[in-house]
Amino acid sequence: MDCEWEGRPQRAGSRASQDPEGLPEARDDGLSESFLLLQMDVEYDPQEKRRPANSAAWSSKNVQRKQRHWERIVSSKKSKRKQERERRKIKRAEDLGNGTCPQHSKRFLKALTKEKLLEAKHSGPRLCVDLSMTQHMSKKELSRLAGQIRRLYGSNKKASRPFWIYLTGFSTDSPLYEECLRMNDGFSAYVLDVTEEDCFSLFPLETLVYLTPDSEHPLEDIDLSTVYIIGGLVDESIQKKVTFQKAQEYSVKTARLPIQEHMIRCQNEKNFHSEILAINQVFDILSAYLETRDWPEALKKGVSPGKGYILQNSVE
């Protein structure tokens, strides 16, 4: 009886160690759990219904799907660009109809400025910057002169009636040229003439007028047949009559800006009065006069209060 009772639990235990389908339980064998998982994968793969039997074909369809998506994006961008072009076209037409100035691209404005400057070469007034006196200038003075050249050119580009500019006595291997390249962005593309030739040999002497503050003759008008010369000289030691003596050496006519005729000295803390101007300031006065034909108005733009002069009519 005792033996029979002990045997029955063993048979029951044997039955309990099997699942309904007769598979061994995981605790009986270490591989049984892996077998169950493998069986589940074999019985059901969620990708199986979507993936073609041929994996290469499935990959090809995936590439085609991405290609179609990319083509839709490209087509959408093209459509938006076309709509934007149409919008700008309508806007330009409306601006012209309303008499307002249309907005132009930077490239268009740059080309327009270049064309205007080139026209001045054939029909505009001529201005020569004499750069033959830079050999004794310090690095600081050369830097200041390079900055003045940049500002002069910038003013000429904006002028309604630009001058044609000559930079004479200007060697491309000189320290000043290197300083201009360093300080002035796009200097090599400036629309002007650069030459090593001296201004006195480049033009007939009778067509030249050297602008110098030491001249006895005030400049009365700007003549298109005359070449006006500005001395490209920055001298912190203030050597007097350098440009005047150079003009006399070549028997060239001289003139000064009519500061004395239209301005008077004013009291200042340092009791300082000077008619010596930077080359870009001289140019601004000439350019303003060419546009307005009004010396007081032109002088007001170029002669700063620090020079110790004010317009006569401002006192009256």
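Glycine residues also receive a Cβ, built from the backbone N, Cα and C atoms like all the rest.
Confidence over the coiled coil (75-96), given as mean pLDDT on the 0 to 100 scale, stands at 83. Annotation comment: Swiss-Prot describes 75-96 as coiled coil.
Annotation source Swiss-Prot lists compositional bias 'Basic residues' at 63-82.
If you look up Swiss-Prot, you'll see 83-95 marked as compositional bias 'Basic and acidic residues'. The compositional bias 'Basic and acidic residues' (83-95): residue composition by secondary structure is 13 helix, 0 strand, 0 coil, according to DSSP.
Annotated domain 'SAM-dependent MTase TRM10-type' per Swiss-Prot: 113-310, in sequence order, evidence recorded as sequence analysis.
Among the features that Swiss-Prot reports, region 'Disordered' is placed at 1-30 (among others).
What Swiss-Prot records for 42-98 (among others) is region 'Disordered'.
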Secondary structure content of the compositional bias 'Basic residues' (63-82), with strand meaning DSSP E or B: 20 helix, 0 strand, 0 coil
